[in-house]
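Quick notes on the structure that follows.
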Amino acid sequence: MRRGKRPRWMLKIAEERIDILFRMADREFSANPHRSHRYTELARNIAMKYRVRIPREWRRRFCRKCYSFLKPGANCTVRIADGKVNFRCHECGHIMRFPYIREKKDRRRNKIESHTTKEGTDEQITVGAHNKCGESQSDR
């Protein structure tokens, strides 16, 4: 391990704490929005300190300008336009744009994978079936 590099176990703990803080922010938002904003800020600080990426599912849940936790319909507006998902923060008015292409590709890939696995199981069933004489292939 070179000098200044953190051990893997430390990075794993940081990732777990980030996830816990975002889940707590999500739970706490309806009762106490300021506390959820603080949880988001703490999670972001941990990510910066340990140089760990915030998971994609949570990256879109806080404002990049004011760092407040975003709850669609409560303090942010979500719109889809021109192949992008637009999040508008009601706290500061900042608009974040994320490309919609990745979601489309993931959905298309999952559809193709589920279709090929269904066909693959059908082929396996027909291959192991009995032949015309009523004997299985192992009886020959």
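The backbone N, Cα and C atoms fix where each Cβ goes, glycine too.
Keep in mind the model is a prediction, meaning the values are calculated, not measured.
Neighbour list (Cys92 (Zn(2+) binding site), Cβ cut-off 8 Å, at least 6 residues apart, same chain): Cys63, Lys65, Cys66, Ser68. The Zn(2+) binding site annotation in Swiss-Prot covers Cys63, Cys66, Cys89, Cys92.
Under the heading compositional bias 'Basic and acidic residues', Swiss-Prot lists 111-121.
Taken from Swiss-Prot, the feature region 'Disordered' applies to 107-140.
Using a 10 Å radius centred on the Cβ of Cys63 (Zn(2+) binding site) and all shown protein chains, the other Cβ atoms total 23. Sequence-distant contacts of Cys89 (Zn(2+) binding site), defined as residues of its own chain at least six apart whose C-beta falls under 8 angstroms from its C-beta, comprise Cys63, Lys65, Cys66, Ser68, Leu70, Asn75, Cys76, Ile95, Met96.
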